[in-house]
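Colleague: Got a structure for you, questions after.
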Ligand code: GLY
């Protein structure tokens, strides 16, 4: 068994460890833990602690992948819904589809018994409007949000201050691997924007034969390089975990436009090894790791990737 998650995962990590120890399958153990992260308003990037889009509405993204069947469930830009990773799990379980977005995802949430919840944290609402208000002239303020938003997009969505995601990767006692993600996405994002968290192959991927990977920070970059799949596919082609992560990181570094700083690749392999690297980041970021040899989960620091 193994469980790896990024630093935001703290409120749920122990719950996933407990579930794995009790014999719960990887997908459900990870969905269980991530639900606790989404419910904790102290985690300022996911669920109740997350950030609204440019018009002040919460739109969350999540993805779930079963590494044994390679089935995926994903939801994107879902309004008024928590726990959103569990909704992605329901897409995988109950529909012949991989991904639902927006109003369709909310409709499915209603059908699946999820309450409708505005879920906008008062501090997120305050920070959102304080920053936006400064960019609008009086006429625009009066018209808001019925005005073209694209002119404000670059000014307000600063990729250097993107808030993050939570990602969980795990392997259960039966050898099944899973990847689960959840996020509210970039603060002040254009309505309908999807990051990498609901995109299989970009923000997450799992194949129980080889390994699993997930990314945090600027999803616009990992979508362009299909980074999570790149890691796992490299292992399928015979590279070991270290070589696979390094190959995917080098590929990201060939992107000459966009904001790559702070992207972090998290990966595990089918033998129970793990690797976490940050690209061009100013400082290492912490992550959580647990294997059965450890008395307690450990918080460790990522490694700065050197090309
Ligand atoms: N990595 C999360 C996002 O870009 O939304």
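Cβ atoms are placed via backbone N, Cα and C, with glycine included.
Quick paste from TrEMBL:
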ACT_SITE  165  active site, nucleophile
BINDING   193, 194, 195, 196, 216, 217, 218, 219  substrate binding site
Colleague: Are there any residues at least 6 positions away along the chain from residue 196 (substrate binding site) with a Cβ closer than 8 Å to its Cβ? List them or say none.
Modeller: 202, 203, 204, 215, 219, 220, 222, 223, 227, 228
Colleague: Tell me the Cα distance separating residue 165 (active site, nucleophile) from residue 217 (substrate binding site), rounded to the nearest angstrom.
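Modeller: About 7 Å separates the two Cα atoms.
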Colleague: Using Cβ-Cβ distances, find the residues under 8 Å from residue 194 (substrate binding site) that belong to the same chain and are at least 6 apart in sequence, listing them in sequence order.
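Modeller: Residues satisfying the criterion: 61, 76, 77, 101, 185, 219.
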Colleague: Using Cβ atoms only, which residues of the same chain lie under 8 Å from residue 195 (substrate binding site) while being at least 6 residues apart in sequence?
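Modeller: In sequence order, the residues whose Cβ lies under 8 Å from that of residue 195 (substrate binding site) (at least 6 apart) are 61, 165, 183, 185, 186, 189, 203, 219, 220, 223.
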Colleague: Mind telling me which of the recorded positions 165, 216, 218 has the densest Cβ neighbourhood, counting other Cβ atoms within 10 Å?
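Modeller: Neighbour-count leader: 216.
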Colleague: Looking only at Cβ atoms, how many others are within 10 Å of the one on residue 217 (substrate binding site)?
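Modeller: That number is 26.
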Colleague: Near ligand 1, which of the binding-site residues show up if the criterion is a Cβ under 6 Å from one of its atoms? Options: 193, 194, 219.
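Modeller: Close enough to ligand 1 are 219.
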Colleague: Around the Cβ of residue 193 (substrate binding site), how many other Cβ atoms lie within 10 Å? Please give the count over every shown protein chain.
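Modeller: Step by step: centre on the Cβ of residue 193 (substrate binding site), count other Cβ atoms within 10 Å, giving 19.
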Colleague: Assuming the binding residues for substrate are exactly those in the record, 193, 194, 195, 196, 216, 217, 218, 219, what is the maximum CA-CA distance in angstrom, rounded?
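Modeller: This binding site's residues have a maximal Cα-Cα distance of 16 Å.
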